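Here is the structure we will look at.
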Amino acid sequence: MTGRKESKSSEPKKSKKKSKKNAEQETEDDGKPKEDIKPVSFVKMFRYATTKDRILYFIGFLGAIATGLTTPANSLIFGDLTNDMINLSGLQEQGTRYTRDDDNSNALLDAVQKFSLNNTYIAIVMLVCSYISVTCFNYAAHSQIMSIRSKFFKSVLHQDMSWYDFHQSGEVASRMNEDLSKMEDGLGEKVVIFIHFFVAFVGSLILAFIKGWQLTLVCLTSLPMTFIAMGFVAVATSKLAKQEVSIYASAAVVAEEALSGVRTVKAFEGEAKEVSAYKSKVVAAKLLNIKRNMFSGIGFGLLWFFIYASYALAFWYGVDLVIKGRHEPYFANYDPGTMITVFFSVMMGSMSIGMGSPYIEAFGIAKGACAKVFHIIEQEPTINPLEPRGKRLNEPLTKIEFRDVEFQYPTRKEIPILQKLNLTIHRGETVALVGPSGCGKSTCIQLLQRYYDPQGGDLFFNGHNIKDININWLRSRIGVVGQEPVLFGQSIYENIRYGREDATREDIEAAAAAANAAVFIKKLPKGYDTLVGERGAQLSGGQKQRIAIARALIRDPEILLLDEATSALDTASEAKVQAALEKVSKGRTTIIVAHRLSTVRRADKIVVINSGQIVESGTHQELMMLKNHYFNLVTTQMGDDDGSVLSPTGDIYKNFDIKDEDDQEIKILHEEEEEEKETTNKKKKKEKEPSPIRRAMGLNKPEWVQITIACISSIIMGFAMPVFAQLFGSIIQVMQSPDDDYVRENTNMYSLYFVIAGIVVGIATFMQIYLFGVAGECLTERLRGLLFEAMLKQEVAWFDDRANGTGSLCARLSGDAAAVQGATGQRIGSIIQSVATIVLGIALAMYYEWSLGLVAIAFMPFILVSFYLQDKLMEQENMGNAKILQDTTKLAVEVVSNIRTVVSLGREDMFHRNYVVMLTPAVEKSKRNTHFRGVVYGLARSIMFFAYTACMYYGGWRVVNRGMLFGDVFKVSEALIMGTASIASALAFAPNMQKGVTAAKSILKFLDRKPLIADKPGVSMKPWHSNGNVLFDKAEFSYPTRREIQVLKGLILAVRNGQKVALVGPSGCGKSTCIQLLQRFYDVDAGSVQIDEHDLRELSISNLRMQLGIVSQEPILFDRTIRDNIAYGDNSRIVTDQEVIESAKKSNIHQFIAALPLGYETRMGEKGTQLSGGQKQRIAIARALIRNPKILLLDEATSALDAESEKIVQEALDAAAEGRTTISIAHRLSTVIDSDIIYVFENGVVCESGTHKDLLQNRGLYYTLYKLQTGAA
């Protein structure tokens, strides 16, 4: 409480108030353009179709029209048959059995045969045209979505850097998975089905007006209300779908950040916070979707009520017209056949609108997704590398000029970075940019590559304004090595080749040799074909950096930009790489950004930048003589180094002979081993694996009341069709009576029954849609939350597997949970409804005439076989497509996350081509499968007509020869055929069902996996405070993904309470492995790691990690406020503002934060991209200090800091080390001189230990390392 009160008067609190004041202006004032996302019309959804696609759509459109016209055609011939049946049937007094002469019998059989023949023609048209329309539309949709995916990714890759400052890779992944899947749903066969229903509606209406306009108008009294209801549903769902898309995109951002920074999340016990943040997003989406289902339920409930009410009105008025037609010439055209034709036409038309309405919702969702995707595709970047215009100079780049350059980042326009900066660099010069962290050095590097354009002044190459030069050409002349090396999840060979696509094997090996990487590469089991893992995770920092240098060198660039290029290297590697860089720098312009000033002493010109301005420049000697800014930086960095202890020797590099990292820790993914384990596990599980959908639905237990009511409502909906058939059949029987009063009385009664049925069906529809919607959304929300939680619970080694890369996991997270809904919720309702219709239909058939029932039932196996074949087809397609989609999303996320590297290499088009190549097999397979899908769909649609033909033919025969009532023929046939129709309708969503089953399997695989590193049963969860004693007791360790390479070989290492201990040695020798074992990211294979004499495996993981504070070499920060990032250091409680401020002061970052307009409420950008490397590192230090850890782990904690900041932070770390144990890993030996004990690693064991002075006197490996480092200085 005290901390909170004190913080009110502090600087950040003022800025916090300022942030609230400016909150509403943020989207305008922070430089982010307000995105004007225009809605997309239905026609515009097809704007990216090719000519071939458009031809296919046109053919499919004609086919859909033809299938739609079969409905009114069927109504017409059925009306004629009904009229013939009634006119040719002579009633006995009781009206129970027919008596007729032979002529009547023959005429009746002729009428039945005529109907059967015509209906067979209709069935054939339905079969052929359904196949054509569905195949054409699906084929064109797959083609168009492929094109849209390609254009979307291409557009994303070619946006300028300011766009990336506001859009994160998680958002892009969400668009590529969820939005494009929704679009595919709205561009394929569902369009055909809707056109079919719409044409059926229009055609039926036209026929009805032709046959009897008075009755048609009465039947259509409900039409305005129907359109209002449908319009309401379409508008509401489209609006809510847009909001849902945005929310899920923000959820994807949370997931992507947490999964890509999983080591940071685990180190600071942030799993619960990340899960909570993710769940809050999906809960918001759930509430939106429940609202959408409520609107849909109301709309469709009213629709069905209006339809049944119109039935009642139609029968009441229609019978009245028929009776008048018996006596009045004006109404003579109204016979029973006309009434049936009109009624059936209006009924089938209305039903078509009702059955087509779910597709309106699908279009609404697809339109919402299209709007966002198309907006990105069509967004023109300010700086477009694809732009063909611009000069391609036919001369070497001899002169670079910054003229009065002013610059602010788009996200922080109020903060000037460069102020009237003037700098000239000539060809062949090596120019070093030095200065405090955040002074604008790296900004110069970015402006030279034209990531941004300056707000004032200009850059010139050979006197040509950079804006007039072709961007792609310019970037091809530049080689870049960044501060945090970025490698892609491919082989070492491919990663180096990204520097130059046409490079030969010899070129690549020469570049690797020049970067001092060839030796360690050749010692890898697969050499240059070794996979480096996501972001190069399978290699050490030094190895990654050298691969990045080789990649830059292979371009043979005219200009070499080195932004802290050797910061991650150990002493030995740095010396060799520095020599290599100096050698390759000759003859080309080299611009170096460096904090380690020993690396720039030989530069032709050293430029000191402070607050965005050049304060002095010259050679090392000239600047040292000035004894000003540069002199202060150098003396600060040299610190306590005693130059007299060692002096540089003549050829220090040649005589340097220590074990290289090549014999040490090399974590490479052992694919064969993993695949073998996976196959074995699958075989064991296959026998006892229960239904995935049943298990997934088990998560819906809290909603069992809603599901039960929804299931009952679905049964009622299923009964509606057979009940309708009974009422309609009874009316036909009644109309055969010549007694007008008898007909009118019974018709009024049945009309009332129709109204009652309408009320019941309307309520049941609302209950079915709304309650299944609630259950489905709760299941989706639960599955997403559980899936994300399960992912974060897995051990770190699980994330080392390339199959579990960030992009792949994000794809599963966003796609699988949503897909499960395709097999649950509304789809379950549709199945129950269809089954109820069939069951009641069969029961009625057996009751009235079992033999006729068997004729109708005989057609059902065809539909079941269709289902089976379709399911098998979809299962194979979905499993293959899901894997390819995961891989392509993984590639996309990896590329977008590292866009600066991609752009600097000019490899946007190459990655785009790779993406298209990876995606093509799935699309081609889907296209081939469209033919089978078309046959299955056509069969399912036409089977109803074939069944109708058989039933009516056989029924007519029984009417003539067995005295069966025609009304009973209709009751049996209609009840069973309506059941068949409902199955055919449900068939449209069969692909969703199969996708859901596949997704459920994938999700349950995650949920069932037990992490290999977890608390033992019965472990004490009581808060525990360590004394800070650490012991590695004969520890042996190999990484799980590479068992054959032993990293630690019986390591013995003791750290006492309060000691400052340093771990030094060549890059990759196992130092960082010790830190990871101490955090229990992995467990040792033999021996033990102990804290206070407790084996780590006996302690609660949560309690263990609470004792540790970690500052890594490449700090991972999240796109949240600075305050939230610092407070992330302790997720076990609410951290006060005052604690955040104090922690920031200790790490020398408070003044910088307080000077920002939004202070501690300033957002960091994705992975902290809005800050410089030094600023990020200091925030990471503040984050570690806020938890007041008993053991502080520093893995190159000050490597990214400038000399001045390093000294201040080092003093802060020294002060923070008081009373706690500190374990430091350092390449820069000057930072560990004051350590109580220094452990020198070699070949997985400690080869020597002692204080700095002891080790120098021993003249062993440490002496050689130190001699090399000071000699290089």
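Glycine residues also receive a Cβ, built from the backbone N, Cα and C atoms like all the rest.
For 1-13, the entry in TrEMBL reads compositional bias 'Basic and acidic residues'. Residues or ranges marked as domain 'ABC transmembrane type-1' in TrEMBL: 58-363, 709-995. Annotated domain 'ABC transporter' per TrEMBL: 400-636, 1030-1268, in sequence order. The annotation region 'Disordered' is assigned in TrEMBL to 1-34, 671-693. According to TrEMBL, the feature transmembrane segment maps to 55-78, 121-141, 191-209, 215-236, 295-319, 339-360, 704-732, 752-774, 828-846, 852-869, 935-955.
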Quick one: average pLDDT across the domain 'ABC transporter' (1030-1268), no decimals.
85
Quick one: do the transmembrane segment (121-141) and the transmembrane segment (828-846) reach 3+ CB pairs under 8 Å, ignoring pairs fewer than 6 apart in sequence?
no
What parts of the chain pack near the transmembrane segment (215-236), using Cβ distances under 8 Å and only residues at least 6 beyond its ends?
205, 208-209, 292, 295-296, 298-300, 302-303, 306-307, 309-310, 313-314, 317-318, 321, 334, 338-339, 342-343, 345-346, 350, 353, 357, 360-361, 363-364
Any contact, the transmembrane segment (191-209) to the transmembrane segment (339-360), with at least 3 Cβ pairs under 8 A:
yes
Is the transmembrane segment (704-732) close to the transmembrane segment (828-846), in the sense of at least 3 CB pairs under 8 angstroms with a sequence gap of 6 or more?
yes
For the transmembrane segment (752-774), what are the same-chain contacts with Cβ under 8 Å, counting residues 6+ beyond its ends?
289-290, 292-294, 296-298, 300-309, 311-312, 315, 703, 706-707, 709-710, 712-714, 716-717, 720, 723-724, 727, 825-826, 828-829, 833
Same-chain residue ranges lying at least 6 outside the transmembrane segment (295-319) that approach it to Cβ under 8 Å:
215, 218-222, 225-226, 229-230, 232-233, 236-237, 240, 334, 339, 342-343, 346-347, 350-351, 353-354, 357, 361, 724, 731, 735, 743-744, 747-748, 750-752, 754-755, 757-759, 761-763, 765-770, 773
